Amino acid sequence: MKVTEMQKNWLICCLLIGLIKIIGSELWVTVYYGVPVWRDAETVLFCASDAKAHSTEAHNIWATQACVPTDPNPQEVLIPNVTERFDMWKNNMVDQMQEDIISLWEQSLKPCVKLTPLCVTLSCSSWRSVNNSVNQTNHVQMQNCSFNVTTELRDKKKQVYSLFYMGDIIPLDTNNSSGNNSQYRLINCNTTAVTQACPKISFEPIPIYYCAPPGFAIIKCNDQDFNGTGECNNVSTVQCTHGIKPVISTQLILNGSLATSNIVIRNNSKDTLLVQLNESIPINCTRPGNKTRGQVQIGPGMTFYNIENIIGDTRQAYCEVNRTWEQIWNTTKQIIINNRKNITFIPNPGGDLEVTNLMINCGGEFFYCNTSQLFTNQNGNTTGNITLQCRIRQIVNLWTRVGKGIYAPPIKGPINCLSNITGIILDYTKSGTEKYTIYPTGGDMTNLWRQELYKYKVVSIEPIGVAPGKAKRHTVTRQKRAAFGLGALFLGFLGAAGSTMGAASITLTVQARKLLSGIVQQQNNLLRAIEAQQHLLQLSVWGIKQLQARVLAIERYLRDQQILGLWGCSGKSVCYTNVPWNTTWSNNNSYDTIWGNMTWQNWDEQVRNYSGVIFGLLEQAQEQQSINEKSLLELDQWSSLWNWFDITKWLWYIKIFIMVVAGIVGIRIISIIMSMVARVRQGYSPLSLQTLIPTTRGPDRPERTEEDAGELDNGRSVRLVSGFLALAWEDFRNLLLFLYHRLTDCLSILRRTLELLRQNIHKGLQLLNELRIYLWGIIAYWGRELKISAINLLDTTAVAVAEGTDRIIELVQRIGRGILHIPRRIRQGLERALL
């Protein structure tokens, strides 16, 4: 019996412990502000450059209006233990740079002269330099043309002459097979609108840095030989990209960035191959000879700059490429062959001159160079340079817009420019089964920017996060809002992104401060840069763009604070709520797994699909809490009775008085109606409204017999009424009877339900009391057992200690007596010896 009772006690204890554990393990939604989480985003980037306003160079003019000065101390923060996906072929930064470079060119050409008046008949003849005694074979490349133009007065014309390259004019009579054409026109007149480049500008680019506005960041991939697509394991966050030179070219990429180790080939899985070299190859372009530039008035306020004469050698321009090209090109071909079989490398098969040739701008002149020597089989010569023959064109089709062209005014004196080849643009076509033909191409300038921006992506900082927590918001109390201080760098905010959620949450307040202070710091830096260079900055649409970047950060911060306010978490870095956490939101992961093994970035990806549901529940909970808080605050009005006599509340008292009087009148009317109903039940009704007719009793009602009559009462009187008022009264009476019976039934059911509820509650309380008494008995029993065991233990210990003490005392006494008896034993021994 005792064993059974002990088993029962242990079972109850286990059940209680399990119940306490279940109740204690319930998780609640906790809001965190300042978590290192980001998401892919598209936003307006602003640019920085080392532009000089006093320079007349075209890019400097554009950069002065569009860019702020560069940061002298750029920051880069590594993010350990983070893997990020990149896609260079779907990068909004490339599209933005494309639009910006188009704006650069269009702004540079906007104030320049349109050459529409030059679409006239040109009378041309072959030109030969009179100052050059060398036998020249290329003299036919220039034509000496005369034509009529409008003078300063629109009704007057005059005849002028100019030298044109053969590539810039075409004969009017295209059917003449003799080749003795004398009448020409400009090549663009039937296709594009040509603008003459302003004479005081050049096209030498300067590095441009693209920067993310506050509230956003640029993620950079630092993996070696990264192909621009897929996952990157070594990432960092920066505020600006490296300096990118907007060099316009085809076939070859000039003055770009180099690969860190091996040659990297990037493919968009369509028909484009971007090759990034691991070492630069010098290319030196030269236009020998000396042009003299004249000017012709072609209308009021319009000047056409023409070539008057060429002094010296008139041979074509050329570019010299270092012989190391052959080795690098052979390595590149081998890498491509290893990935694809049956490959044939050829020069460009044909098309626009800008695509079939290497088109670059050198010193203001547009060079069109034949690159066949670069992409055909090499002769094995390892000395000297590779010389590319080039042609100069003054009328060029612009790559920025279809149907637009540019006339490059002639440049005086010799021209020479040195660049570095850092990449190649290749295209391939597939013929048959696994047969590829690869050739150099160009024209799509986005590939130039994509080669530089492949390792960058823009992300938006999402500092608000939700996660399960063990704490619950129990009471509604007023708390002082924490004020975030200023201090750390904004980029350091993402430094804890690779840490686990538990480790990152320890410094959450610091993270939140970094977020806000970083936003403020970025804006202050931007504003100080603008103020410091306000004598250089010419505010235009680009200035408005900078101001928009500043306003965007404040809008994002205010939006976050508004969301936190809707949840009752304004000004808090960690906010507890009373919304239960649903384990399905976290894929049934345990609390320890979430906080010990996952980063905030991984956690955000897991619960992102449930964010809307969680946020909605947080808003509903806060609304309910606001209602509860309002009700609680309304109870405070009872604390001061003296305010009841305030004159401002008299109208409220009058309203209450009217409501009480109306209630009394209503109760009186209801009592009268109830009295009438009671009388109706007793059989009373106005005589004028009733007529007695016999009716047969139902089987459920027994017949009654009158006391002084011997006849049975076979019926009772019912009313047979006629007339509107009588019918209305009868209907009203029946309605009241029906309502009375139903109300009586409902009241009886309610009374019975309340009685059962009272009995069940009483039984439950009795069971709880019995359980309490039983548990108290168990606790008392085990307490007594523990007390008895302790007493027995103490008694046993005391007895053992006493016995040991007695033995020790007895031993000490024996030793002492032995020592005391030593003289006696000596004396007795001496006595025996003397006897």
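Cβ coordinates come from backbone N, Cα and C, glycine included.
What Swiss-Prot records for 1-25 is signal peptide.
The annotation N-linked glycosylation site is assigned in Swiss-Prot to Asn81 (among others) on the grounds of sequence analysis. Mapped onto three states, the DSSP output places Asn81 (N-linked glycosylation site) in coil. The Cβ of Asn81 (N-linked glycosylation site) has 11 other Cβ atoms within 10 Å, all protein chains considered.
Swiss-Prot lists 124-144 with the feature region 'V1', giving sequence analysis as the kind of evidence.
According to Swiss-Prot, the feature N-linked glycosylation site maps to Asn135 (among others).
Each residue in the region 'V2' (145-189) has a pLDDT score, and their mean in this model is 71. If you look up Swiss-Prot, you'll see 145-189 marked as region 'V2', on the strength of sequence analysis.
Annotated N-linked glycosylation site per Swiss-Prot: Asn176 (among others), in sequence order.
Note on Asn227 (N-linked glycosylation site): other Cβ atoms within 10 Å of its Cβ, all shown chains, come to 15. The feature N-linked glycosylation site is assigned by Swiss-Prot to Asn227 (among others).
In sequence order, Pro205, Lys245, Val247, Ser419, Asn420, Thr422 are the residues of the chain that are 6 or more apart from Asn255 (N-linked glycosylation site) and have a CB within less than 8 Å of its CB. What Swiss-Prot records for Asn255 (among others) is N-linked glycosylation site, and it gives sequence analysis as the kind of evidence.
Swiss-Prot lists Asn284 (among others) with the feature N-linked glycosylation site. Listed in sequence order, Cys319, Glu320, Asn385, Asn416, Cys417, Leu418, Ser419 are the same-chain residues six or more apart from Asn284 (N-linked glycosylation site) with CB atoms under 8 A from its CB.
In this structure, Asn322 (N-linked glycosylation site) is part of a beta strand by DSSP. Under 8 Å, Cβ to Cβ, and six or more positions away along its own chain, Asn322 (N-linked glycosylation site) finds Ile281, Pro282, Ile283, Asn385, Ile386. Marked as N-linked glycosylation site by Swiss-Prot on the basis of sequence analysis: Asn322 (among others).
A coil conformation is recorded for Asn342 (N-linked glycosylation site) in the three-state DSSP classification, outside any helix or strand. What Swiss-Prot lists as N-linked glycosylation site is Asn342 (among others).
Annotation source Swiss-Prot lists region 'V4' at 369-390, citing sequence analysis.
Annotation note: Asn370 (N-linked glycosylation site) sits in a coil segment as assigned by DSSP. Residues annotated as N-linked glycosylation site in Swiss-Prot: Asn370 (among others).
Residues or ranges marked as region 'Fusion peptide' in Swiss-Prot (evidence: sequence analysis): 482-503.
Marked as region 'Immunosuppression' by Swiss-Prot on the basis of sequence analysis: 545-563.
Residue density at Asn588 (N-linked glycosylation site): 8 other Cβ atoms are found within 10 A of its Cβ, drawing on all protein chains shown. Following the DSSP three-state reduction, the secondary structure of Asn588 (N-linked glycosylation site) is coil. Swiss-Prot lists Asn588 (among others) with the feature N-linked glycosylation site, giving sequence analysis as the kind of evidence.
Residues within less than 8 Å, Cβ to Cβ, of Asn370 (N-linked glycosylation site) and separated from it by at least 6 positions along the same chain comprise Asn357, Leu358, Leu388, Gln389, Cys390. Secondary structure at Asn255 (N-linked glycosylation site), taken from DSSP and collapsed to helix, strand or coil, is coil.
DSSP classifies Asn284 (N-linked glycosylation site) as strand under the three-state reduction. Among the glycosylation sites listed (Asn81, Asn342, Asn588, Asn609), Asn81 has its Cα nearest to the Cα of Asn227 (N-linked glycosylation site). All chains included, 9 other C-beta atoms sit within 10 angstroms of the C-beta of Asn609 (N-linked glycosylation site). When the glycosylation sites Asn81, Asn588, Asn597 are ranked by how far their Cα is from the Cα of Asn342 (N-linked glycosylation site), Asn81 comes first. It is 15 Å from the Cα atom of Asn609 (N-linked glycosylation site) to that of Asn588 (N-linked glycosylation site). For the pair Asn588 (N-linked glycosylation site) and Asn597 (N-linked glycosylation site), the C-alpha distance works out to 14 angstrom.
Between the CA atoms of Asn597 (N-linked glycosylation site) and Asn81 (N-linked glycosylation site) there is a gap of 12 Å.
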